[in-house]
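What TrEMBL says about this one:
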- 488, 494: Mg(2+) binding site (BINDING)
- 698-710: compositional bias 'Basic and acidic residues' (COMPBIAS)
- 720-735: compositional bias 'Basic residues' (COMPBIAS)
- 624-692: domain 'S1 motif' (DOMAIN)
- 698-735: region 'Disordered' (REGION)
């Protein structure tokens with residue numbers, strides 16, 4: 001069957017849309033192909049509204065399919081897809097944040113978007129294709145939605161902006177920005193960068209926004225041909241009599257309750273007023289009262305009050321001016337034993353970050369649909385319920401925690417030392433102990449303090465601030481610095497900007513309105529930079545640069561280079577040699593294919609012992625080297641000496657002394673420890689040693705006496721050509 005196919009080129013890459021009946025029972029579906037990356041996106045709305053819900057029930061699922069890569073992935077025991085990877089969670093969040101502002105928040109029908117990645121070419125990222133598919137699936141369906149929207153990715157490499165960059169171009173560039181929006185507004189930004197200026201960031205957004213408008217025009221043509229009539233669904237409404245009561249009897253009380261500096265007092269007052277509102281509404285018009293609607297419009301009243309006072313007079317609920325930051329406090333070394341710690345407080349937002357340094361082998365192995373790599377820097381963000389005074393089950397990190405942790409990690413990553421100079425695996429854990437807005441940016445700050453306290457040689461200090469926006473219907477607006485409480489919940493934008501004194505390293509923006517303009521974005525970036533400088537000053541007053549030494553509790557790493565051909569000898573059959581060294585010294589040993597060996601130990605003794613053993617196993621012996629070892633075997637023609645783990649050398653009987661020796665046991669016995677000089681290493685790697693050439697082994701008196709006693713003896717004896725009993729080494733003949 002022939003399906004309608006539409007194609008459009010953005011950034012030199014064709015986006016191909018197929019309208020098919022593969023998922024014919026979905027409300028809307030499209031197949032999006034970019035290169036060989038193929039994504040099926042479906043949109044479904046429930047037939048009836050969710051009962052008792054106090055929010056618009058939208059879910060986005062980003063389904064990574066292992067078969068899309070042509071590989072059978074997973075563990076040895078589980079070969080099917082299970083819980084979403086971090087990359088899948090971040091992609092789903094980006095789609096959610098892009099499409100959510102275009103829904104009517106009064107709607108209570110459940111809507112689910114499922115993006116199934118069917119094929120991936122490891123060049124084109126499926127998240128941009130999935131976002132385009134989500135917009136079209138919704139727009140072509142009968143689901144009420146105010147689209148379309150579009151999103152693109154912009155990277156910069158060698159100073160040039162690249163639209164829809166490949167994975168390789170993104171990793172090689174100094175900026176990676178994903179931006180989405182409508183034909184006249186931006187409603188989502190996710191970015192990581194290496195200290196770029198606000199102007200350069202604005203240029204990337206301009207390039208992306210031009211492509212967004214192009215993609216929306218492309219979608220409009222498809223929607224005109226294939227779009228369905230939208231369903232009419234019930235919305236939460238407040239009957240006029242109740243609306244009048246809310247405004248007349250509770251408006252002033254709400255304003256008084258909200259405009260308090262103390263968060264707990266504010267919440268208590270708001271809860272009290274809200275309870276009174278519910279009671280009054282039920283009493284006055286029981287036939288019109290609906291709890292969901294009463295809750296929604298009570299929050300809408302707070303929105304209205306906060307917007308009016310902030311836009312009109314610049315009055316924030318806690319008394320600050322629009323550009324003001326809350327009281328700041330920073331501390332380091334707040335915990336014993338951990339390798340580094342930092343505590344950062346901004347108002348009632350308190351974050352404790354801890355540093356743990358591990359061996360290179362502690363890095364995380366990432367094996368997902370899109371990437372297969374190792375990650376040596378980890379940032380984990382925890383948001384326990386007690387941080388907001390709530391009681392909830394604690395069942396591991398949710399999407400929000402994964403997203404906030406990734407944002408903070410993205411902001412910190414460009415400033416970390418290169419792995420070649422600092423081979424540690426670095427794990428930062430940020431614990432939100434108290435939250436009243438901007439906890440992710442507080443995590444960036446606390447993490448920086450912990451890194452510096454732990455002696456990690458980061459290039460510069462990093463911090464960030466969450467910026468907000470209040471916009472009215474007339475187009476008047478104010479940008480707010482360091483949003484908290486009502487400004488966060490009832491504001492129109494959450495714009496997180498992280499960076500150093502010299503530029504931006506991480507950005508995340510989402511909105512509750514239809515979108516923001518370029519002017520609003522640039523004003524926010526400038527105001528965020530001013531806030532960043534103030535926070536950096538406070539951090540510098542506590543710790544201005546990384547400590548010169550690592551924590552005494554942190555492991556030490558020594559790096560040495562060996563001949564790659566010696567890797568097998570160091571590992572040994574079945575890992576026997578390396579495991580023996582680890583067991584004997586307590587050190588961790590990691591080997592790379594190029595012959596780089598990392599030895600990690602928490603004790604100086606273990607480090608010295610492991611270093612010596614590794615050097616013994618892997619050293620390239622040459623004639624004249626002095627070695628020492630234990631005699632392990634005696635044969636008629638000589639003695640075998642263990643000069644390293646599973647490495648033997650032969651002292652021929654003629655090399656035992658500077659006189660004729662009748663029996664090997666006249667000079668050496670099993671278990672003796674002796675020094676020897678390497679005479680040569682033959683082509684088969686066999687080591688020939690000499691005892692008589694060791695300086696100081698024999699005195700002149702001993703030599704003279706031996707010669708006199710054996711005046712008629714001496715001479716070299718040829719080695720036998722038959723293998724003597726027990727004369728094998730490493731499973732093969734010694735000769």
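Cβ atoms here come from the backbone N, Cα and C positions, even for glycine.
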Task: Cβ neighbour count (within 10 Å, all chains shown) around residue 488 (Mg(2+) binding site) - done: 16
Open item on the list: Let's check the environment of residue 494 (Mg(2+) binding site): how many other CB atoms sit within 10 Å of its CB?
Closed with: 22
Task: DSSP-derived class (H/G/I helix, E/B strand, else coil) of residue 494 (Mg(2+) binding site) - done: strand
